[in-house]
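See below for the structure under consideration.
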């Protein structure tokens, strides 16, 4: 989309672009020339990283439900269910892992990062919750860089092995199930 003073039908845009929503993240930025990152995300996604973003993130769930797994200040995992039609404002710096199941769509808006403003992608052990791996990036292309970080983790057995309990996270990630 170019900078215009015209509205468009978002549901039609999703229908016309849904083939671009591919795992592991299933995201597509709507406008490239904005000071915001406004993107559509579809399910099912295939990710288990936790994103630590220096910006607040606004979630609007268009179809189905989204599950945002967060790490609390006490280090506990907590799942926020964002139901169809709901909005959710995730505060900056909260480690979170958004999970989307099949046939779901949501809009996420966050601000573009300033030069030198870094963010992390972190993996925690499924068994003992120990931090296994962290990647710090200067985010400039959210569609490309998140996929690269996930692929790098998934393809390296050494970093998928927990140094605390020995559990080895599988290379492939199945569809997330809310427990």
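Positions of Cβ are set from backbone N, Cα and C atoms, glycine also.
Copied over from Swiss-Prot, here are the features:
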type	residues	note
BINDING	47	O2 binding site
BINDING	51, 57, 96	Fe cation 1 binding site
BINDING	57, 100, 110	substrate binding site
BINDING	125, 128, 162, 165	Fe cation 2 binding site
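Annotated features, which come from Swiss-Prot, shown on the structure.
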{"residue": "47", "record": "O2 binding site", "Cβ contacts under 8 Å, 6 or more apart": "24, 25, 97, 98, 99, 146, 150, 173"}
{"residue": "51", "record": "Fe cation 1 binding site", "Cβ contacts under 8 Å, 6 or more apart": "95, 96, 97, 98, 119, 120, 121, 122, 146"}
{"residue": "57", "record": "Fe cation 1 binding site", "Cβ contacts under 8 Å, 6 or more apart": "89, 90, 96, 108, 109, 110"}
{"residue": "100", "record": "substrate binding site", "Cβ contacts under 8 Å, 6 or more apart": "26, 41, 42, 43, 44, 45, 64, 66, 67, 106, 176"}
{"residue": "125", "record": "Fe cation 2 binding site", "Cβ contacts under 8 Å, 6 or more apart": "131, 132, 162, 164, 165, 167, 169"}
{"residue": "128", "record": "Fe cation 2 binding site", "Cβ contacts under 8 Å, 6 or more apart": "162, 164, 165, 167"}
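For residue 96 (Fe cation 1 binding site), the Cβ neighbour count at a 10 Å cut-off comes to 21, with all displayed protein chains included. Counting other Cβ atoms within 10 Å of each Cβ, the binding-site residues 162, 165 show the lowest value at 165.
Comment: substrate site residues 57, 100, 110; largest CA to CA distance 18 Å, whole number. Summary of the Fe cation 2 site environment: with the site residues 125, 128, 162, 165 set aside, the chain residues having Cβ atoms within 8 Å of the Cβ mean position are 126, 127, 129, 130, 132, 163, 164, 166, 167. Around the Cβ of residue 110 (substrate binding site), the number of neighbouring Cβ atoms within 10 Å comes to 22.
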